[in-house]
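Peer 1: What TrEMBL records for this protein is below:
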- Asp9, Asp11, Asp171: Mg(2+) binding site (BINDING)
- Asp9: active site, nucleophile (ACT_SITE)
Amino acid sequence: MPRPIIVFDLDGTLVDTAPDLLDSLNHSLAASDLAAVDETGFRRFVGHGGRVMIERAHAAQNKALVAAEHDRLLTLFLDHYTLNIPGKSQPYPGVVAALDRFQAAGYLMAVCTNKYEANSVALIGALGLSNYFAAICGQDTFAFRKPDPRHLTETIRLAGGDPHSAVMVGDSQTDIDTAKAAGIPVVAVDFGYTDRHVREFEPTLVISHFDTLTPDLAERLIAAAR
Ligand SMILES: O=C(O)COP(=O)(O)O
Ligand SMILES: [Mg+2]
């Protein structure tokens, strides 16, 4: 019987990275004379990586964005973000205790994120969480990324798990759509980065704190999905 696996999204799920993503986004937007984005506006932009955040910020200000400028701003964003890791980012309340619970229960654990892999590995390392994860897969690890379900199923395979004994935990429609397309139960946290309540995207379950996430709950979700 393969070890069950729990796969976590990163930004807005395991780690509150909003303050640093916002700082780096505004650092890059300032280089093209766009107005700074505020915390509220920012939530509409996250979920698909830095390139899409920049694109959405321009669209929100009705500013054109040619490819060369997009590339220039993405480089500014990534250089600034990479240099500042871990910055102000912190794991959400209850995350470490939850990772300990699943580790003690013999679960495999992995991260499936649309953040670049190198920055994801660096951030997780800087926060002292590397030892929990058998795989950390970013938007550039494979030739596909969330909401493509293969990003999730290949992360599971890389970690040595079985998609039939897996649960996904995420904060956005992207995560929920990815898991549902893979036929994998998905727990949505309601404290992440989405401008609509996650229940609208019909996850398997919504939680408001990591204390609710237990191996018993995961086992029930895996059994019910079979
Ligand atoms: O970096 C992003 O835009 C989203 O990253 P996530 O998939 O970890 O939420
Ligand atoms: Mg997220």
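Using N, Cα and C of the backbone, Cβ positions are placed for all residues, glycine too.
Can you walk me through where each of these features ends up in the structure?
Peer 2: The Cβ of Asp9 (Mg(2+) binding site) has 30 other Cβ atoms within 10 Å, all protein chains considered.
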Peer 1: So for Asp171 (Mg(2+) binding site), how many other CB atoms are inside 10 Å of its CB?
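Peer 2: There are 25 of them.
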Peer 1: Would you mind pulling the DSSP three-state label for Asp11 (Mg(2+) binding site)?
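Peer 2: In three-state terms, Asp11 (Mg(2+) binding site) counts as strand.
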